[in-house]
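Student: Just dropping this structure here.
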């Protein structure tokens, strides 16, 4: 077996049971991985030098094909309502078949780190069948120094073999695609999908399981730091503006997607970014756009024209087109991946019902309530071609990656907020003056002005009113922001219609929260929205 590249000889790939391979490439850099990718016909080059790969039928994650091993260790610690169980026997059989399937193949190994905090990191070894997958994950996670590689010992291993097709009957799985996670042994097996995001989220899932037991809060969020060292954390589901609002030229970007919060402050889990590129433009997002124009970046499912120019407006393969690049491709990115204790937490929502104010201040109990709710509303087309808002609740702003019960994360968040006296804000980037179709999108200029006032501390001095439906505090006046948009009801021409829409949304919140009622105390229950009909 031919082995190439720097690695710890005492912790070679054979420690994972992988033997009789034709070749193993350890820790290759971008140039070598480009050469191997092209040699193997896995991807092509854009005119600017980015590596462009297609993932075939899977252009997103396969959450319905993800399984967690249910054993004595995980039995009482995993939220089984949200995680599909796999028996240890089925996993063992699958693992043996993965090892058999790998025989005679060339494999690529990247020895990487999840977590920029030395006390709360995991050494994650990622073994891939595809060379471009090796570059992808090298871009996304934290890369150890060349010296550190010689003594690197993996604590977690991911084996990604897209050509492996799972037999549903043999392993008790759903389809030919499988993502099997053994949290006890820290092994992840990915088969039957070429979508690279599965690898990144497997490390996130492992850290989301490991860290709460150490009192560290794992978060699906972006984070940045102001010139005075004040750290801000941004929670939000897809389409709420998390990436756009945290990419602020006046602040240092700590990371765009996954972070931990512990005794030393906030730290990035990753060493790169995985940004959406559909309709990306140099005007709207210059920093992200610039990364797509250079050597080392991986473009996933981006369409190239005949001159190999990327067409970011073309969603014919998928709307979920992406680019993966190291964090240092962004000019104002943090070199350490670490920030201090957060001064502000921003929970983003895009309320397409037009009911919520553009900003509200939350108490720690309200912050826990809204964190557990994880609300946004997207606009979905109905069969008649009419579009209407659809509420989405994804607990902890990232339900698919949370192995433990949401209340564990919620209680930890609430404790840290109280301990560090963090200001919490709910920011609505959705609609004002009516629901989608009647009202208009919240002006980004207003959102940025409100956010700036929250982050610099001046918003704390504003006069606040209590929202009659949601019970949170809403500023009455903010310099540079039209006062009318601060009171959503006043922006609706039809006040009765607003009250009806507000009642509808409040009822959705209440109904969604029923499953958490028995896991929270009275203070959090009392933070629930309730209809108190406003006077004309």
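Using N, Cα and C of the backbone, Cβ positions are placed for all residues, glycine too.
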Student: According to Swiss-Prot, 220, 257 bind Mn(2+); which one of 201, 214 is annotated to that same site?
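Tutor: Among the candidates, Swiss-Prot records only 201 at this Mn(2+) site.
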Student: From 294, 308, 322, grab the residue that Swiss-Prot records in the same substrate site as 61, 195, 201.
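Tutor: My reading of Swiss-Prot gives 322 as the candidate in that site.
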Student: For residue 236 (ATP binding site), identify the closest of the binding-site residues 61, 220, 322, judging by Cα separation.
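Tutor: If we rank 61, 220, 322 by Cα distance to residue 236 (ATP binding site), first place goes to 220.
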Student: By a simple count, how many Cβ atoms lie within 10 Å of the Cβ of residue 238 (ATP binding site), its own Cβ left out?
Tutor: 14
Student: Round to the nearest Å and give the CA-to-CA distance linking residue 244 (ATP binding site) with residue 61 (substrate binding site).
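Tutor: Answer for this pair: 22 Å between alpha carbons.
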Student: When you measure from the Cβ of residue 322 (substrate binding site), which residues in the chain that are at least 6 apart have a Cβ under 8 Å away?
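Tutor: Within the chain, residue 322 (substrate binding site) has Cβ neighbours under 8 Å at 197, 274, 275, 276, 277, 299, 300, 301, 302.
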Student: Just counting, how many other CB atoms are there within 10 A of the CB of residue 236 (ATP binding site)?
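Tutor: I count 25 other Cβ atoms within 10 Å of it.
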